[in-house]
Amino acid sequence: MTENILSVEHLSFQYDEQPVLKDINLSIQKGEFAGLIGPNGSGKTTLIKLILGLEKIQTGQIHLFGTPLEKFKQWHKIGFVSQKANTFNRGFPATVYETVAMGLTGKLGYFRFLKKKDQANVYEALSNVGMEKFAERNIGDLSGGQQQRVFIARALVSSPEFLILDEPTVGVDTDNVERFYKMLADLNQNQGITLLLISHDIGSITTHVTDLLCLNKTIHYHGNPNNYQNMTDEQKSQFYGHSMNTVTHHHS
Amino acid sequence: MIETFLEFPFLRNTLYTGLMIGFIAPLLGTFIVVRRLSFIADGLSHVTLSGVAFGLMMQKKFALLMISPFYTGIAFAVIGAIFIEYLRGIYKAFQEIAIPIILSVGVGLSVIFISLADGFNTNLFAYLFGSVAAVSRTDLYIILMISVIVVAIVVFFYKELFALAFDEEFARASGIRTKTIHILFIVLTALVISASIRIVGVLLVSALMTLPVAASIRISRSFKQAIFFSILFGEAAVLIGLISGYYLEIPPGGTIVMTEALILLGTIIFNKHIHFLKTRG
């Protein structure tokens, strides 16, 4: 039997009368590598914030690991990688090690200190993303791609079962993007981590994911990425509102 | 030089208090600076001033001697801290506006209390610019208590405070009660500020929390290193500032802050020429 990691039912959300999400229904099963695409302003980030409990649900329901969001407490089962490689304060005095160890905060709980085993986990997460040699370096001194790998290690250090990545390739140079997808595929296939990857870039994502979701305020397509690739532009624009091939948004 | 401080009890109290605040102010200051909340210290110090003025007025007008300005200063600072958070919640889009509001209310109240008491004498001057002779034995014990509380909370909540400082969104997504931790942090800041005004005075207390940190983050690679150097610089400035202030007959607030400014200048020059710690390893 497949296990539902995430299920969203009839979820709608609006900011000051402005509808952002309309009647979203979706589910992600254990072992999937799901890709969520949509243009800027399609509500991707809002959907993620709702799933992570960073925004209050207005209508509808979200279940994580079968538990309603309001009662969900095992946040260490979920790893989150935001677009931070672009936005975090580069002058912050923190080493790569300190940054990754931060990922254990929620799992350890209050009044607990890092033990030897936890420290070993930090190094393991770093070697998972090929950054173990940089442990004592200042995070601000690294390149965008290296920083993003550190943030993935921070998400991995608590051994999550479900990893959510919001535009993780923004700010990563193109040479490293392919390498980055390989790493994600390895996490998914060899370590059994369920993935949800959010992107506005349909080109590279459809070749890697096992399940594709197209969002533009509501879910326009949910299924096999190959079927989506084989659709005509006309069919795609029906789902999407306009032709996908012309979508070349860049985040500012 | 330092023997004089150990010889006279009132100077000894000042020295011990100075060393305690030289530790806790930069300790909390490191979190304040990296969270870009430096102005909160300024806002809270002015609220503390209104508390001090209130206490002085009660003493002068109503001869309520048990209401020490020191205690009313602490109380006003803590209330002000909670109020800043309340205002930041209301003005979500302009959170920084909470600080000028609190700061001006603090100064406004101070002016009212001071004039109601028909002005003050040198007492107020000591609260504004600090004093080497202002610390009583009771004050010393209260500041010791505040220091123990601050250090204990920072040690026990270190990983939460660090996560909150680095990335609030991530901290929330990890299930940390960021709001509670933040309120705790702001109340601690209020306590440290009200403890520090005895030595450095209301007008310069925020400098004690931010200047050593401004110097230390220029040369630190890790957050723990930043805390270590902040405290080291804070203690050095307090020691040099207290002793020179005493001998030069200048309020220690001025000499401590100028020592810190020199340390900061030193680290800027040092950092320009050699990347020592940041790139090592």
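The backbone N, Cα and C atoms fix where each Cβ goes, and this holds for glycine too.
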Would you please say which range out of B:37-54, B:253-270 has the annotation transmembrane segment in TrEMBL? B:253-270
Long-range neighbours of the transmembrane segment (B:64-87), counting only residues six or more past its ends (CB under 8 A): 40, 43-44, 47-56, 58, 97-99, 101-102, 106, 123, 127, 139, 142, 182-183, 186-187, 189-191, 193-195, 197-198
Six or more residues out from either end of the transmembrane segment (B:253-270), which same-chain residues have a Cβ under 8 Å from its Cβ atoms? 129-130, 199-201, 203-204, 207-208, 211-212, 214-216, 218-219, 233-234, 236-238, 240-242, 244-245, 276
